[in-house]
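Engineer: Checked TrEMBL, it gives:
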- D132: active site, charge relay system (ACT_SITE)
- H205: active site, charge relay system (ACT_SITE)
- S529: active site, charge relay system (ACT_SITE)
- 20-85: domain 'Inhibitor I9' (DOMAIN)
- 123-565: domain 'Peptidase S8/S53' (DOMAIN)
- 640-740: domain 'Subtilisin-like protease fibronectin type-III' (DOMAIN)
Amino acid sequence: LMMLLPWLSIASLHPKESQTYIIHMDHSLKPDHFSNHESWHQHMVKSLSSACPEDKETFLYSYTHVMHGFSAKLTSCQLAELEKSSAHLTTYEESFGKMFTTHTPRFLGLNHGSGIWPTASYGKDVIIGVIDTGIWPESQSFNEKGMSEVPSRWKGKCENGTAFSPSLCNNKLIGARSFNKGLQAADINISTEYDFESARDFEGHGTHTSSTAAGNFVYGASHFGYANGVAKGIAPRAHLAMYKVLWSSYTMESAATDVLAGMDQAISDGVDMSLSLGFNNAPLFKDVIAIASLSAIEKGIVVVCAGGNFGPGAATTHNGAPWIITVGAGTLDRSYLATLQLGNGMTFEGTSYFPMNVLITNRHLYYGSNDTQTAGCKYLPRDQVKGKVVLCDDSNLDLNGQMQAAITSGAYAVIFLSESLFLDPEEYSIPGVVLHTRYAKAIKEYVMTGNNTIVKSMRFGLTKIGTGPAPQVAFFSSRGPDPISPSVLKPDILAPGVDVLGAVRPDVPFMDAGKYELATDYALMSGTSMAAPHVAGVAALVKSVHRDWSPAAIRSAMMTTATNTDNTLGTIRDQWNGDMAMPLDFGAGHVNPNAAMDPGLVYDMGPQDYIDFLCGLGYTTKQMSTILRSSQWSCENRTDLNYPSFIAYFSNQTTLLSEKQFTRTVRNVGDNASTYRASLKVPPGMILKVEPDTIKFMNKFEEHKFVLSIQVGKHIPKVNYGYLEWIDERNHIVSSPVVVLKD
């Protein structure tokens, strides 16, 4: 399983005499006298000196699995000469990216007594490859107690390096490598003060406490906290291998050449899970990570990818190729709180991540009501604010700026009024609480009664479990429709991605709190990059139970068993505005691990299905060859992908009852004899029909086709959705969202 995270964004190099390129080659044209493709690649680069004798070349990496080709630093003369070769397919300029940046197993319904955990043996003998910022091997997350021996199929190793010895590896952490030739070729200096020339992590990230498990996979994140979730949370008996591709530099960027090298090595080493990284949106034939992921899919490796942190706007999903499981972020039923009592006795409860159990009593309350600059805490007069609790209203939407103004002015604590904005945990340098604007009127009325208004008490460090409604779609989680592949509903699924506990580097301060610099072993993190490892973990558990299932079947099992309701039994809501969310926000719903183990039916696909999908996009022969890493392919059937969700587009000129049809094939993976009946949940303005509406299976693995017809009237909302559910006599509910968009 390969998981791609969206913390990379493309940024081309400034023009230079020489520049790094990723070169796609037609591997079938390798001359026989070369023993392998790497020797051929190196020879091609060295031979450029004859045409460009004054130019120096630098060979970086040869890629075998994620693509056929290599990376090198070349001049324009050398590149022009290289592109004359009949074996040359495509050239990409180097690109760079940056990071986007426990209780979750219980929230997901995992328990030791029953369900997928014991059935999957907690991920025993799985090897999870993590493509990340490195690892802090001393973390308790990587204790080998209770672990089995290293699987014989493992081909990797632990590299020696700065502050990292191979002896630090064990039966839990079985491999560690690092890749930085791309950064070095770009003349980006890696910090010797903060980083290590080894697989050791400069940020101390290890793994968040709830992620991963079995099957063929590679996992890449941006914190060793993620690996902890994989290692100790969802798949506590899985082995771990680290591939460091992100380094501490003045740009804090990672090179695509290094990321591809890490992915390529992970697959070569025999990992079972790879969660890797994603770049900004680009056509599939220009997206090196999408191309690498398709290669992984062809090898039976599941690819899981964070959908991006660009919400709440529409059409902001990233990593939406149809062979990737694209994950959105949801909230948990766990809240971090502070209470406030004013001098008049009114009490309020709000969000706070201030890390200390602090009680503040009888402090003067300041509110600069006469000036929007001070009311919104854009500016605060130190002589009036020092030592007081400051009220900041929502006339200024920059909570970070409000906090900094309060700190600069010497405020003792802060009360923020905000309807939908949040502060990251590490921003709470002084005590602060975020209260909803619904309380604004009552608080302002009190504070404006005179100069002696006080905060009677503020209590911090409170945690509540079981709060709701949860999950909600995180305000930052990217939304569909996908801008690159709009014919496929994205994101696919939702998973915990807000306030997930992750391991951090324990020997450096994580944050400031008052006069103190705080260090910790674990900290709260949020992002779709935290959500994706949860889905990767569930996919791995499903794979360990069903070893012969394809990546598409595993995705189908998770999507068709996902839940679209929260813990109050209502439709999942949007954290941004509190409104009901929709499949463009959460895909099929929130991942449900135990149900995914026994989905009843699956919508399966293989490499040829993706080839047929690409054939329908109108790409040129060269573009197709680039994506497929081959000069030969066949376009067999350009019908719809056999996807476990539906999205249909209708024009504003749609006449009464315009219709679109979708053909799908379902495979019985439950009991031998089963009968499934279609149940349709349809909103006003839509008509759904299924033919046939009853499917009878006589044998396990038997397949049947059906056709879903979608009809819409002229006067329907721009976005509308319903559900198709296949239900059998054994309580399997195979659910698919059906989304209609009018342009």
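Note that Cβ sites are derived from N, Cα and C of the backbone, with glycine treated the same way.
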Engineer: Using DSSP, how many residues in the domain 'Subtilisin-like protease fibronectin type-III' (640-740) fall into helix, strand and coil?
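Structural biologist: For that range the per-state counts are 0 helix, 61 strand, 40 coil.
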Engineer: Would you count the other C-beta atoms found within 10 angstroms of the C-beta of D132 (active site, charge relay system) for me?
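Structural biologist: I count 32 other Cβ atoms within 10 Å of it.
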Engineer: Please report how many Å separate the Cα atom of S529 (active site, charge relay system) from that of D132 (active site, charge relay system), as a whole number.
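Structural biologist: Distance (Cα to Cα, whole Å): 11 Å.
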Engineer: At a 10 Å cut-off from the C-beta of S529 (active site, charge relay system), count the other C-beta atoms across all protein chains.
Structural biologist: 34
Engineer: Can you break down the domain 'Inhibitor I9' (20-85) into helix, strand and coil residue counts using DSSP?
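Structural biologist: Breakdown, helix to coil: 24 helix, 19 strand, 23 coil.
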